[in-house]
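Annotated features in TrEMBL:
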| type | residues | note |
| --- | --- | --- |
| DOMAIN | 2-158 | domain 'FAD/NAD(P)-binding' |
| BINDING | Ala11, Glu32, Leu40, Val76, Trp362, Gly369, Val370, Ile371 | FAD binding site |
| BINDING | His147, Gly148, Asn149, Val150, Arg191, Arg192, Glu203, Gly369 | NADP(+) binding site |
Amino acid sequence: PRVCVVGSGPAGFYTAQHILKHHGGALVDIYEKLPVPFGLVRFGVAPDHPEVKNVINTFTQTARSERCSYHGNVTVGRDVTVPELQQAYHAVVLSYGAEDNRVLGIPGENLPGVYTARAFVGWYNGLPENRDLKPDLSCETALILGHGNVALDIARMLLSPLQLLRKTDITDSSLAALACSKVKRVWLVGRRGPLQVAFTIKELREMINLPGARAVLDPADFTGLESAVKDAPRPRKRLTELMIKTALEKPVEMQAAAAGAAAPREWGLKFQRSPQEVLPSADGKRARGIRLALTCLEGSGDSAKAIPTGDVEELECGLVLSSIGYRSLPLDPAVPFDSQRGVIPNSSGRVQGVPGLYCSGWVKRGPTGVIITTMNDSFDTAQSVLEDLQGGVLDISPSREGFGLVESILRSRGVRPVSFSDWEKIDAAEVARGKAAGKPREKIVDPEEMLRIIGH
């Protein structure tokens, strides 16, 4: 059987890995729109979290399998359609993730000084489409809308000492911009309360321990929470206890004086506030602040809803980052898509009403969870493919040409795919440039330059 996977992030690679491991004869081709693989492992994981990127070693082993091929620089839906892939393969798995972001839907959202988390993360991580973002970091106060791990990542990038960032794979131009940044205060704002934050304890602890930055948490936000959380699941309980401890810790006067000198930067969490409007500067040319509606919670736990109370407050900030989630986009008219939920309608990864078509990862279940969540989800989809192969649901009697057919389609359209060994040349060039600068790698952010390196 010939299987093709669209997207080379964790979902695509884990799906391919599982199929190759549990079917001794399957051939898997992975298609990726960028010349370089690994999706959000390369472009989403924070530069100062290199250990999270170790999964790239596993993905590389999969790509080097003689039954697996990687074809980068191919945009499915434009360079080749999904029906064309279905003619070339016995099964097609869509694992292309979430390439867009949710919008706030408030006035002033498009003012200069307002950025999506997705674009900002893409900028410091070298995602080609965000390389020219040039965020304005000339203000003292930044405000991040959202209480997830991505929001904490961004706060950490804005406040980290440069000597920490210099040793990471952050892009050269982002490092230069952060070196000139005036930002010294970051507020993370959420619509709901401390019991509904979506970040995890590891990321919070890292933020609390960030050198040269102090946490500003209002003890009033945490009163009575110890009792509320005593029967909560252990991760939620420990996370809340850490926030309470941080809020209530009163540094000794001596420490405070020293900390005041050593910690010119600060960050804090604000709860039960919902963005109403980004306020423009006097000349209307940029953001100068934000109006927030105060909310009260209806219900409890993860299902609590934030309801506006009618009260509002305004906060001064010259930089607004919205970190309220990523969004998947439809890929091809031939593929059903639930635009309300931003997913492909499916059951265990089988796309509804289209036999032989599958999906895995964020486009299957929505943009939530960490790499391990995506791994399990992708194994689940791969299992559906294997069951359908074994149960005869997928007819493999007609032989399919696989990449042979796709290659001739691409050639007729003037598209030249990039192989995995091509990527390895780009990889070697990045590592060599990084070595010269004392970093693990210096990412190449221009696709044209990537293609020049491999002689395309």
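Just so you know, glycine gets a Cβ as well, placed from its N, Cα and C.
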> Which is it, of Ala11, Leu40, Val76, Val150, Val370: the one of these binding-site residues whose Cβ has the most other Cβ atoms within 10 Å?
Replying inline: Ala11
> Reported as an integer number of Å, what is the Cα distance between Val150 (NADP(+) binding site) and Val370 (FAD binding site)?
Replying inline: 11
>> For the binding-site residues listed here (Glu32, Glu203), tell me which residue's CB has the most neighbouring CB atoms inside 10 Å.
In response: Glu32
> How many Å lie between the Cα of Arg191 (NADP(+) binding site) and the Cα of Val76 (FAD binding site)?
Replying inline: 37
> Cα of His147 (NADP(+) binding site) to Cα of Ile371 (FAD binding site): how many Å, rounded?
Replying inline: 19
>> Please identify, among the binding-site residues Glu32, Leu40, Val76, Val370, the one with the smallest Cα-Cα distance to Gly148 (NADP(+) binding site).
In response: Val370
> Among the binding-site residues Gly148, Gly369, which residue has its Cβ surrounded by the fewest other Cβ atoms within 10 Å?
Replying inline: Gly369
> In sequence order, which same-chain residues at least six apart have a C-beta under 8 angstroms from Trp362 (FAD binding site)?
Replying inline: Ala11, Gly97, Ala98, Tyr326, Ser328, Thr368, Thr374
> Taking each of the binding-site residues His147, Arg191, Arg192 in turn and counting other Cβ atoms within 10 Å of its Cβ, which one has the fewest?
Replying inline: Arg192
>> Please report the distance from the Cα of Val370 (FAD binding site) to the Cα of Glu203 (NADP(+) binding site), rounded to the nearest angstrom.
In response: 12
> Where Arg192 (NADP(+) binding site) and Ile371 (FAD binding site) are concerned, what is their Cα separation in Å, rounded?
Replying inline: 25
>> Around the C-beta of Asn149 (NADP(+) binding site), how many further C-beta atoms are within 10 angstroms, looking at every protein chain?
In response: 18
> Just the number: how many Å between the Cα atoms of Leu40 (FAD binding site) and Asn149 (NADP(+) binding site)?
Replying inline: 14
> Any idea of the Cα spread of the FAD site, Ala11, Glu32, Leu40, Val76, Trp362, Gly369, Val370, Ile371, as a max distance in Å?
Replying inline: 25
